[in-house]
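If you check Swiss-Prot, you get these features:
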ACT_SITE  243  active site
ACT_SITE  277  active site
BINDING   220, 221, 222, 223, 224, 225  NAD(+) binding site
């Protein structure tokens, strides 16, 4: 029984699904997808639970969420292992995901009050008030790269605001999704407030097609996000929050400490085996001897990165990708770039057949025409050379995406110029692109999405503002507008 609907664990009526560790092949989870009827059942449960949940005081909803935070803390070790085994990422990195999940809850509580709480301004004849109200029933689509942390960034603010939810985790991480839902159950969440439907494309399409849905919160690929946007077009009554990918540029200008710059680049491009939406996909490197030295050092250090299993000791920097198919797709993308005329500096290697272990790849594309503006979601870094900083900014902005952008340079003036001209939601200076804080907006523009699914800014799309003019008594104004006559005379 792997679906959680209206407080009950039930068996899916859709296709069967098996999840294996992407490196060892160990079977981790087995179950069945939710069919369209069960998706509808989850929606009805959420709709029925909404009035009571929304009418609870904020303190009562907060108490449930804080109990969930306590359960995360107490079950940190077990949940870390589940996420690591299912995604293939090393234990050390899965542990950082749990820490982020826990920390985000307190930030979400504060954000509710600061960004979407209640405000009152006194007026001579009354008051002007601002309140926020929940949308109703929201669908949350989770990604596979951070199957606990990223859905949590939607779910917690949505619940705090008073919404009820239907959650569909990625079909590649059903075990993590189920494990987190069982903690919500232990936290005492009332039946129907949060519902879990497992499944792939068919389940997702049934969920997004629900008429009685008030909104959809999505983190994932641009292709899926575009499909959802088209599906919900013409329905302005539904909130749609999209956080998608990026073809992110990292500008390497003047470098004083080459090893520090190489470390920043590896953290930007290859952490999580390149499976972060903010990962650097393009290095824009200033032409010259210093750029040559940086590139040689980057290749030398990157070729030492050997992916391993989640529990290897000593721990590897990167693990496997989410699946063997995902690793093969990245490898094929490198082959296609090479066939277009790219110059391979570090060839990626599929280490073992039947696994997702893939070493990083680096390929220079300077002067190659027609390179696709696509996100390759894995450890593949493309390099272009530039001559002037203005050219670097033009190259950085030459993408339909707009998620993250970074600059390595000692010159504050160049960063100030980049801040003015960059088309990206995240612009960093001498910091990895993959660093993020839950107190800052996380998201981008263009094909990278619209709203900002972090603990702080998620409050904005989880509730709608209600403005009120109020007075505890009704009196006739002392001065009336022209043309109004309230005298006792009878007009003949």
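From the backbone N, Cα and C atoms, a Cβ is placed for every residue, glycine too.
Features per Swiss-Prot, on structure.
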{"residue": "220", "record": "NAD(+) binding site", "DSSP class": "coil"}
{"residue": "225", "record": "NAD(+) binding site", "DSSP class": "helix"}
{"residue": "243", "record": "active site", "DSSP class": "strand"}
{"residue": "277", "record": "active site", "DSSP class": "coil"}
**Request:** Within the same chain, and leaving aside 220, 221, 222, 223, 224, 225, name every residue whose CB is within 8 angstroms of the centroid of the CB atoms belonging to the recorded NAD(+) site, in sequence order.
**Result:** 218, 226, 227, 228, 244, 245
**Complete:** Students should find that the Cα atoms of residue 223 (NAD(+) binding site) and residue 243 (active site) sit apart, in Å rounded to an integer, by 12
**Item:** Rounded inter-Cα distance in Å - residue 225 (NAD(+) binding site), residue 243 (active site)
**Value:** 8
**Request:** Would you please pick out, from the binding-site residues 221, 223, 224, the one with the fewest other Cβ atoms within 10 Å of its Cβ?
**Result:** 223
**Asked** What's the CA-CA gap between residue 224 (NAD(+) binding site) and residue 277 (active site) in angstrom, rounded?
**Response** 14
**Message:** Let me make sure I understand the structure: which of the recorded positions listed (222, 277) has the fewest other Cβ atoms within 10 A of its Cβ?
**Reply:** 222
**Fill in**
Close in space but at least six residues away in sequence, with Cβ under 8 Å from that of residue 220 (NAD(+) binding site), the same-chain residues are 141, 143, 170, 243, 244
**Complete:** Students should find that the Cα atoms of residue 277 (active site) and residue 222 (NAD(+) binding site) sit apart, in Å rounded to an integer, by 10
